[in-house]
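Here the structure is laid out as structure tokens; the discussion comes afterwards.
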Amino acid sequence: MAQKPTACLALADGTVFYGQGFGATGEVVAELVFNTAMTGYQEIMTDPSYASQIVTFTFPHIGNTGVTTQDDEASEPVASGIVVKWDPTEPSSWRANSNLISWMEKRGRLGIGGIDTRRLTRAIRQQGSPHVVLAHDPEGSFDIAKMVAKARDWKGLVGLDLAKEVTCAQSYRWDEGLWSWPGAFGKSDQPKPFRVVAIDYGAKRNILRSLAQSGAEVTVLPATATAEDVLAHNPEGVFLSNGPGDPAATGAYAVPMIQTLLEKDLPIFGICLGHQMLALALGAKTVKMGHGHHGANHPVRDVETGKVEITSMNHGFAVDAQTLPEGVIETHVSLFDGSNCGLRMTKRPVFSVQHHPEASPGPQDSAYLFDRFADAMRARR
Ligand SMILES: NC(=O)CC[C@H](N)C(=O)O
């Protein structure tokens, strides 16, 4: 006899999926997305850009390498919940210091297993990141009508500023990774490390590590930092991080700040939400995408060289390239749907990309962008 369901996922259109719950119990409303990466479930769940989203993993074996603090992209899992095909099993990895289920349970994150993730992914593609309610109740008692109504009433991510909720409370220094830079500790004739201020809109740790590995002494400031706060650190370059929510909503305070920095002739580098907000600051517009891009195998063409990079992606909004003003060009394009993946100012060292060059998880084809930022700071010195 089939197992009694202990979790269920109700879509706003009334479709319901039943499965086995794991992790924390309770109920959560969120936007539902799918991620096609075959590895890196822990990095994905702890990526702050997934706030208010539930991730369906199209890869069926999730949990089999457990979790390890070394792979955290933030101190906690941020995705509201996960949907998987097979129930997670005991981990088999020497790196694991916990298993996925108890890690999620302790941190209040819900999971549902035993789902036909192919069928669900088709629904996500057709409906465009539906609003859903995920519930986990060991007794298996669910009020479906109420869940569907809650999903339908939820306002969604458009207009939502979540960066404020995931940003750091106070500024801090990030040096991890700097030791592996050839110039660290005066080891070679490399210049002294570059003073970089990184604005934390929900920054992934591997971005900060990658900046440090390319020679940056990073000071991280909260999302609401003003241009004066940034300039007080006398930066040689400013980095705008990834993050959750709607760039237009976060832009309410971030855009004027970035516009002031743009007057200072500093190298500026943005990733994902940082890319979108830089575009807004330059006068372009952002739009909500159909079902967004979430995976580790997304081909992107460098428009200027014709070279194709395989990239890591996680975004549901995009810059409308048609709205880029004069003096700003599109540098990268998605080969999946032609959407914008990069821009740069033609006459200034200001550039950004939609994809994730820090590749955590994902391929490292775009890592050169961190060196490009360091080169811009070196040229300015
Ligand atoms: N990874 C990110 O920075 C995501 C940016 C933005 N929240 C989006 O979904 O498009």
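Heads up, the Cβ atoms here are built off N, Cα and C, so glycines get one too.
In TrEMBL this protein carries:
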{"type": "REGION", "residues": "1-194", "note": "region 'CPSase'"}
{"type": "DOMAIN", "residues": "5-135", "note": "domain 'Carbamoyl-phosphate synthase small subunit N-terminal'"}
{"type": "BINDING", "residues": "SER49, GLY243, GLY245, LEU273, GLN276, ASN314, GLY316, PHE317", "note": "L-glutamine binding site"}
{"type": "ACT_SITE", "residues": "CYS272", "note": "active site, nucleophile"}
{"type": "ACT_SITE", "residues": "HIS356", "note": "active site"}
{"type": "ACT_SITE", "residues": "GLU358", "note": "active site"}
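Shown on the structure are the features that TrEMBL records.
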residue	record	Cβ neighbours (10 Å)
SER49	L-glutamine binding site	30
GLY243	L-glutamine binding site	32
GLY245	L-glutamine binding site	25
CYS272	active site, nucleophile	29
LEU273	L-glutamine binding site	34
GLN276	L-glutamine binding site	32
GLY316	L-glutamine binding site	23
PHE317	L-glutamine binding site	19
HIS356	active site	26
GLU358	active site	26
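Within the domain 'Carbamoyl-phosphate synthase small subunit N-terminal' (5-135), the DSSP-based counts of helix, strand and coil residues read 29 helix, 44 strand, 58 coil. Whole-number maximum of the Cα to Cα distances across the L-glutamine-binding residues SER49, GLY243, GLY245, LEU273, GLN276, ASN314, GLY316, PHE317: 13 angstrom. For the recorded L-glutamine site, residues SER49, GLY243, GLY245, LEU273, GLN276, ASN314, GLY316, PHE317 set the reference point as the centre of their Cβ atoms, and the other residues of that chain within 8 Å of it by Cβ are GLY202, ASN242, PRO244, ASP246, PRO247, CYS272, HIS315. With a cut-off of under 6 Å between the Cβ and any atom of ligand 1, the recorded positions LEU273, GLY316, GLU358 reduce to LEU273, GLY316. Summed and averaged per residue, pLDDT over the region 'CPSase' (1-194) gives 95. Around ASN314 (L-glutamine binding site), the same-chain residues six or more apart in sequence whose CB sits under 8 Å from its CB are ASN35, ILE44, ASP47, SER49, TYR50, ASN242, CYS272, HIS293, HIS294, HIS356, listed in sequence order. In the three-state DSSP classification, GLY245 (L-glutamine binding site) falls within coil. With respect to their backbone Cα atoms, LEU273 (L-glutamine binding site) and GLU358 (active site) stand 14 Å from each other.
On a Cα basis, GLU358 (active site) lies 19 Å away from PHE317 (L-glutamine binding site).
Looking at GLU358 (active site) and GLY243 (L-glutamine binding site), their Cα atoms lie 14 Å from each other.
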